[in-house]
Amino acid sequence: MRNLSFFFFFFFTFFAAVRSDPSDHRYKEGDPVPLYANKVGPFHNPSETYRYFDLPFCEPGDLKEKKEALGEVLNGDRLVSAPYKLEFQRDKELVSVCDRKLSKQDVARFRSAVRKDYYFQMYYDDLPIWGFIGKVDKEGKDPSDYRYFLYKHIHFDVFYNKDRVIEINVRTDPNALVDLTEDAEVQAEFLYTVKWKETNTPFEKRMDKYSQSSSLPHHLEIHWFSIINSCVTVLLLTGFLATILMRVLKNDFVKYAHDEESAEDQEETGWKYIHGDVFRFPKFKSLFAAALGSGTQLFTLTVFIFILALVGVFYPYNRGALFTALVVIYALTSGIAGYTATSFYCQLEGTNWVRNLLLTGCLFCGPLFLTFCFLNTVAIAYKATAALPFGTIVVIVLIWSLVTSPLLVLGGIAGKNSKAEFQAPVRTTKYPREIPPLPWYRGTIPQMAMAGFLPFSAIYIELYYIFASVWGHRIYTIYSILFIVFIILLIVTAFITVALTYFQLAAEDHEWWWRSFLCGGSTGLFIYTYCLYYYYARSDMSGFMQTSFFFGYMACICYGFFLMLGTVGFRAALLFVRHIYRSIKCE
């Protein structure tokens, strides 16, 4: 109990640290307020971002890099001091940052950035600000007739309440332009203007404007409509299936009870016929137990992330909080994976529990690590901020070595020593019965297609908003709706797996263990198919780096969903199978 209390104390202290800031955000007139330039990149390619001064902007004389937390680095943030000085409550008009001659190479780099619709991002007193670096005049139909311009004058409108900064907006002067169309040297003077205005908005609500887009009435209406639509569809279909299943089961129980009272030599049929094989342990039991362990860990991770989201940890632009939470919670929950996998493996009468533990540790982390190595190499080749520095990689390796692995081993030892036996209500025969020939639609792949479609249909509307947030510039803040959708997903996955397991057993096919896991996890395959649709039909992403990042990391996320929902499906099927065989008398 003492260890548990320490864990929760550490857990919430850690995330309190994530939310807090060294500064109290209070200033006097004339005090310098920190302004950091973060990154630039193509607007439609959120993963392809570069350091702000990779473009030849005016650099300040005292260029300093801001020390960042793990989550901020994973998020691709690379904050450096900006060339603009915005002192508290000090208006400025047409202040020159620098007057410089842009070489042909500088002009070509700026022109390429303007052509790709580059934006910049900065942080002022921890408030995010964005703007485009230039514009394209498409006067002629032919691209050769386009003209490219760079904005050289930035307006900062800052709102304050007493001694605190509340809001900042940035706009560019459409008349102050540098023509980049020709490959020639250009003289450019970069300017900025600052206007301070008073507001009554309290400091505690200064982040609300960033979440308003997802909380607008028409957005909320769409969200709630999607949930109601999902609930109605799911209730109708599950209710229909439940009615059929309950009626069929009732008839089965009556029939089998009648058979017991009649002639003892009467031949059994249906799922009772295979009672001696239904609890026969599956093939590849080590892999099966490892998949259950990994799936249980990912389920626990998801629940913890939802708890933190619902209590408000992931408020808009709490830089890197989500990535920090994912890394820390995954490391701390690895003991759950080790315990679940090893204890279940020992219940299945497995002997090499050490190999099973290694397999559990690598089952999800292995593909994720290989994907990361490839994508990080791509980011290094592009010189993008998505490339993790060597120090950050060392920190992650240390977390894995000093926290994840020891907890995994400790969980495995605890699972091995639990000495729990597998609870089977009927005895398993020595030799397995032959499975009768079945029609094609009772095969594994058609069953997976049927099992994955219903849960996916319950969540696909909400998927667009999630994708637009993760792979776009929308902000997702309605976590309560997302949590309801997640609960619906779990219920539907469990029920459809139970229904398909019953139909499989009724057809006298007793190899339901792997089938129930694959059917439960098949929603992950549908989500990855939706990735293809979203990339080509709903987004403007392009380029090798963005494409590889999108499909690479989405493959890992969908694989995680596969393991998690597969575990949910199998656990539900196991409860169901135990229940029905406990309810009848089998010799």
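Glycine too: its Cβ is placed from the backbone N, Cα and C atoms.
Curation plays no part in TrEMBL annotations; they are all automatic predictions.
Look at TrEMBL and you will find 1-20 tagged as signal peptide. Taken from TrEMBL, the feature transmembrane segment applies to 222-245, 287-315, 321-345, 357-382, 388-410, 448-467, 479-505, 517-537, 549-577.
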Original post:
Hey, does the transmembrane segment (357-382) touch the transmembrane segment (549-577), meaning at least 3 C-beta pairs closer than 8 angstroms, sequence gap 6 or more?
Top reply: yes
Original post:
Considering pairs 6 or more residues apart, do the transmembrane segment (448-467) and the transmembrane segment (388-410) have at least three CB pairs under 8 Å?
Top reply: no
**OP:** State the non-local partners of the transmembrane segment (479-505) in its own chain: residues 6+ outside its ends, Cβ under 8 Å from one of its Cβ atoms.
**Re:** 223-224, 226-227, 230-231, 234, 238, 241-242, 245, 248-249, 270-271, 274, 278, 302, 306, 309-310, 314, 442, 447, 450-451, 454-455, 458-459, 462, 466, 512, 515-516, 519-520, 523, 565, 568-573, 576-577, 580
Original post:
Which of 222-245, 321-345, 388-410 shares the most C-beta pairs under 8 angstroms with the transmembrane segment (287-315)?
Top reply: 321-345
Original post:
So what's near the transmembrane segment (388-410) in sequence-distant terms, Cβ-Cβ under 8 Å and 6+ beyond its ends?
Top reply: 70, 73-74, 327-328, 330-332, 334-335, 337-338, 357, 360-361, 365, 376, 379
Original post:
Which bits of the chain, at least 6 residues beyond where the transmembrane segment (222-245) starts or stops, bring a Cβ under 8 A of a Cβ in it?
Top reply: 454, 457-459, 461-462, 465, 478, 481, 484-485, 488, 491-492, 495-496, 498-499, 502
